[in-house]
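J.: Here's a structure for you.
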Amino acid sequence: MKRVLYPGTFDPITLGHVDVISKAARLFDEVVVGVAAQTPKETLFELEERMELVERTLKHFSFSNAIALPYTGLTVDFAKELNCCAIIRGLRAVSDFETEFQLALMNRRLKPEIETLFLMPEDNHIYLSSSLVKEISRLGGEISAFVPTVVMEALKQKIGKRNSNPVAISRPR
């Protein structure tokens, strides 16, 4: 059985992530969506909340061969522990490649038997990032085209509804 790991913070999971999971699920027998407990980024959602959002998203999109698991430590060690043949990474733009390439080389050095495979999302998801989605949500923008419904609802609860014009801006005369 060919099992792969798709790791990330998923704070929150977006339709871009779903797109990559869909591609991986078609190519491999099992996709483990690894939700990182430790991250250098400050997260909006706690690990348990991120896990729930990922699990509900996998169920909503009927990914019968994908599961979500939390993990700590090195991603490549987690992949080895799960007997994964590869780590899946999504590439949105050339700017992603340099960082992902360095990570892939380091992972290869640590565990040469674990490959890193890059998958590109569809054009309509290539610009998506969790950070942008959170910022748009904070500013009261419409995010339904970027995230699953369960995530949109969770963001509204977490961030709260804001006025469309929360700050009056005065212009110099």
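Every residue gets a Cβ built from N, Cα and C, even glycine.
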J.: Swiss-Prot records THR9, PHE10, HIS17, GLY90, LEU91, ARG92, HIS125, ILE126, TYR127, LEU128, SER129, SER130, SER131 as ATP-binding residues. Which of GLU98, GLU100 is assigned to the same site?
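T.: Record check against Swiss-Prot: ATP site with THR9, PHE10, HIS17, GLY90, LEU91, ARG92, HIS125, ILE126, TYR127, LEU128, SER129, SER130, SER131, extra candidate from GLU98, GLU100 is GLU100.
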J.: Measuring Cα to Cα, tell me the gap between LEU91 (ATP binding site) and THR75 (substrate binding site) in whole angstrom.
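T.: Computed Cα spacing between LEU91 (ATP binding site) and THR75 (substrate binding site) is 17 Å.
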J.: If you skip the near sequence neighbours and keep only those at least six away, which residues in the chain come within under 8 angstroms of LYS41 (substrate binding site), Cβ to Cβ?
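T.: The answer is THR9, ASP11.
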J.: In whole Å, could you give the widest CA to CA gap in the ATP site formed by THR9, PHE10, HIS17, GLY90, LEU91, ARG92, GLU100, HIS125, ILE126, TYR127, LEU128, SER129, SER130, SER131?
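T.: Result: 18 Å between the two most distant Cα atoms.
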J.: How big is the gap, in Å, between the Cα of SER130 (ATP binding site) and that of ARG89 (substrate binding site), rounded to a whole number?
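T.: Answer for this pair: 15 Å between alpha carbons.
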J.: Select one residue from LEU91, ILE126, LEU128: among these binding-site residues, choose the one with the most other Cβ atoms within 10 Å of its Cβ.
T.: LEU128
